[in-house]
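**Q** Checked TrEMBL, it gives:
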type: TRANSMEM; residues: 12-30; note: transmembrane segment
type: DOMAIN; residues: 17-460; note: domain 'Major facilitator superfamily (MFS) profile'
type: TRANSMEM; residues: 62-86; note: transmembrane segment
type: TRANSMEM; residues: 98-118; note: transmembrane segment
type: TRANSMEM; residues: 124-145; note: transmembrane segment
type: TRANSMEM; residues: 157-176; note: transmembrane segment
type: TRANSMEM; residues: 188-209; note: transmembrane segment
type: TRANSMEM; residues: 340-359; note: transmembrane segment
type: TRANSMEM; residues: 371-394; note: transmembrane segment
type: TRANSMEM; residues: 406-430; note: transmembrane segment
type: TRANSMEM; residues: 436-456; note: transmembrane segment
């Protein structure tokens, strides 16, 4: 009976993860990839629409500018979503925020789905903004919700499923965008509106599962609802140890209110936590992984793959990230966070060097295009095994309940701003540095690896309170060395 009960409770936790993920970070990956297949068709639609309105066709550079606005609307919406995610998580709770977040996708799907009928390319731009808002909210709240709902020994694996759903969305978006499915010219409005399906699935499934027990106890002070949520997630097994840990965390933040992002910057006791998430969240986008997808089609073409077959090979790049994120999911609570991050960035730095050498020799040596192709897969694999998932787990672990939403607002804002920055700057970097365009990304990978190696503590298997205490000691040492603060022992010595 006990085995059956444990299996049932594990099943409830797994179903909670799936219900949160399908309408959460899945949408981020899915909406990044579905825009690629119909790019040429949408640009043609823009030109045709303008011609019908004015009788004058658009110049090619104006079409490119309008397309840039359409693409840029997604990270702009993501940045907006990241900013509103914190207040939503505090006021509405984690689960309700995820549910209401689907409203943005439903609006986006309606706009893009009817854009051709309305003969309005502006609706597509607005649709991408709302899609970005949905992704910005889910990228912040989903890992928070799952990490707070998971048992300590599975916290890393459960929170890391956010990265797995992102990679799954990326792959499925590439598959749905194939010519045989919704990648034809007449189907692009349906392709862009297809993101409503995951939203409807989440709206149907997630209400059946509990709110974050930590949110219920620490934020709302509702002990009975917390115990009820824990029983649903863990079963009727002894919950006293976990509840005692939560009550200790509640006591540690008693009398405090949820913090704003600027309060984190002003608080010296959060210095190392803040520096850590700023470095790692920035490195997520500045490491050049997304730029590898930009290079993929060119490298595959140089390797002799027929142009009409390249979309099928590109699916392999997304599959690499999916495979490694699932692998990372299985080993994170055994290997730890630091080794995965450190190994990921070191390998990425190594592959960046090989990739640049291979690009520079691509026209000289016949087998170099194949080495370039191998580097793309290896780089994406290295990113997926650590940085892709572990980075999203850390803000939950290194900040207490009152600081966590604000920390995710900072992380999310940095992620979306840097996504926009890299997308804007990369063409100019390629133009300036040519085959050595990965030098800036190489520098980011090396610097991040050094930071992780020297300054980031391991959080595996520790309670939120234990992690918080470890960072307090680090912050205390920093203040002591800087002469800002004297600890009790120093005061005693001085007095004597």
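Placement of Cβ uses the backbone N, Cα and C atoms for every residue, glycine included.
Structural setting of the listed features?
**A** Long-range contacts of the transmembrane segment (12-30) within the same chain: residues 98, 101-102, 105, 131, 134-135, 138-139, 141-143, 145-146, 149-150, 154, 158, 161-173, 195, 198-199, 201-203, 205-206, 208-210, 232-233, 318, each at least 6 residues beyond the stretch ends and with a Cβ under 8 Å from a Cβ of the stretch.
Long-range contacts of the transmembrane segment (124-145) within its own chain (CB-CB distance under 8 A, at least 6 residues past either end) are made by residues 20-21, 23-25, 27-28, 31, 35, 42, 69-71, 73-86, 88-89, 94-95, 97-98, 101-102, 104-105, 107-109, 111-112, 115, 159, 162, 165, 192, 195, 199, 212, 392-393, 395-396, 404-405, 408-409, 411-412, 415-416.
Here the transmembrane segment (157-176) has long-range neighbours at 13, 17, 21-22, 24-34, 36, 139, 142-143, 146-147, 149-150, 182-183, 191, 194, 198, 311, 314-315, 318-319, 321-322, 325-326, 328-330, 332-333, 384, 388-390, 392-393, 396, meaning same-chain residues at least 6 beyond its ends whose C-beta is under 8 angstroms from one of its own.
Residues of the same chain lying 6 or more positions beyond the ends of the transmembrane segment (371-394) and with a Cβ under 8 Å from any Cβ of it are 139, 143, 147, 155-156, 159-160, 162-164, 166-167, 276-277, 280-281, 283-284, 287-289, 292, 295-296, 299-300, 302-303, 316-317, 320-325, 327-329, 332, 337, 340-345, 347-348, 351-352, 354-355, 358-359, 362, 411, 459.
Residues 71-72, 75-76, 78-79, 81-83, 85-86, 89, 132, 136, 139-141, 143-144, 258-261, 263-264, 273-274, 277-278, 281-282, 284-286, 288, 290-291, 294, 392, 395, 398-399, 437, 440 of the same chain lie 6+ residues outside the transmembrane segment (406-430) yet bring a C-beta within less than 8 angstroms of a C-beta in it.
Listed as Cβ neighbours of the transmembrane segment (436-456) (distance under 8 Å, sequence separation of 6 or more from its ends, same chain) are residues 272, 275-276, 279-280, 283, 286-288, 291, 337-338, 341-342, 345-346, 348-349, 352-353, 355-356, 360, 426, 429-430.
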**Q** Average pLDDT across the domain 'Major facilitator superfamily (MFS) profile' (17-460)?
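**A** Across the residues of the domain 'Major facilitator superfamily (MFS) profile' (17-460) the model's pLDDT averages 89 on the 0 to 100 scale.
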